[in-house]
Amino acid sequence: MQSCDASLLLETVNGIKSEKDTTRSFGMRNFKYVATIKRALESHCPSTVSCADIVALSARDGIVMLGGPRVELKTGRRDSKQSYASDVESSIPNHNDSISAVLSRFGSMGLDTESTVALLGAHSVGRVHCVNLVGRLYPTVDPTLDPEYAGYLKARCPTPDPDPKSVLYSRNDRETPMILDNMYYKNVLEHKGLLSVDQQLASDPRTAPFVERMAGDNGYFHQQFARAVVVLSENNPLTGPEGEVRKDCRYVNSN
Ligand code: HEM
Ligand SMILES: [Ca+2]
């Protein structure tokens with residue numbers, strides 16, 4: 001599968017739907033910052049830094065800004081000349097996927113179980129929109145969810161069928177929502193995991209031992225997270241003469 005090639009950033013053109021415009025890419029936002037970075041790069045050093053490297057290095061810097069580890073990443077990724085909308089559904093894990101499906105998808109990218117557990121720790125920051133949550137709240141509350149926490153989530157998401165475009169959401173981690181720390185693992189052990197995949201991580205015998213160790217040791221979590229991000233960032237990129245360096249991350253070059 002193609003990856004790390006900035007195909008996600010392309011717009012729908014001539015009626016050919018892009019990845020970004022699929023329903024599964026819902027929640028992806030703030031592409032305007034990529035455009036700002038690209039404009040600055042093109043004005044100083046044209047056609048040199050790919051959009052794929054911008055995404056990878058932005059992730060690296062975002063991790064540091066959120067209090068996570070410093071990860072050294074390679075550069076030299078090139079940009080795809082097309083978007084692969086149909087791959088999104090088949091390749092990107094869904095909120096209600098089984099943990100087995102998730103482990104096998106990450107496994108196919110060279111990410112072992114420990115790395116996969118560490119990457120999901122990214123759910124220690126950010127938000128989940130109600131549309132991805134209500135399945136665990138209505139018509140009945142998922143019994144694996146802490147009842148008091150379920151009450152809080154129902155207050156955040158009061159209807160079983162929220163408008164998918166509405167801004168109703170819950171924080172992934174109520175205590176340290178803007179810090180990339182091991183709070184996620186403490187939450188899932190207390191049955192306060194938001195997505196069903198989060199909760200399964202704490203109970204599955206393959207993943208639970210790592211969850212417990214990460215919950216108890218933020219340094220170990222950061223070390224495993226850093227190791228996993230390197231693998232993820234090098235998954236099947238375009239290199240050398242492949243692809244191109246886009247001038248505008250939203251469109252393939254015209255020549
Ligand atoms: C098992 C695999 C995963 C599933 C099923 C999954 C699913 C989701 C879902 C459904 C949301 C909420 C989107 C919304 O409602 O707006 C979300 C948010 C998020 N995910 Fe994941 N995710 C997975 C793995 C990852 C990984 C590997 C990372 C990064 C290393 C990650 C980072 C994030 C972040 C940072 C947010 C918050 C985004 C925001 O605030 O808008 N997730 N995830
Ligand atoms: Ca946190």
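Heads up, the Cβ atoms here are built off N, Cα and C, so glycines get one too.
Between Cys249 and the candidates Cys45, Cys51, Cys130, TrEMBL annotates a single disulfide bond, the one to Cys51. Taking the Cα atom of each, Pro93 (substrate binding site) and His123 (heme b binding site) are about 14 angstrom apart. Apart from Asp5, Ser7, Glu19, the Ca(2+) 1 site neighbourhood in this chain, defined by C-beta within 8 angstroms of the site C-beta centre, holds Gln2, Ser3, Ala6, Leu8, Leu9, Leu10, Ser80, Gln82, Ser83, Tyr84. Here His123 (heme b binding site) is compared against the recorded positions Asp5, Cys51, Cys130, and the shortest C-alpha distance is to Cys130.
Only Ser7, from the recorded positions Ser7, Cys130, Cys157, Asp173, Thr176, place their Cα within 10 Å of the Cα belonging to Cys249 (disulfide bond). Residues Pro93, taken from the recorded positions Glu19, Cys51, Pro93, Cys130, are distinguished by a CB atom under 6 angstroms from ligand 1.
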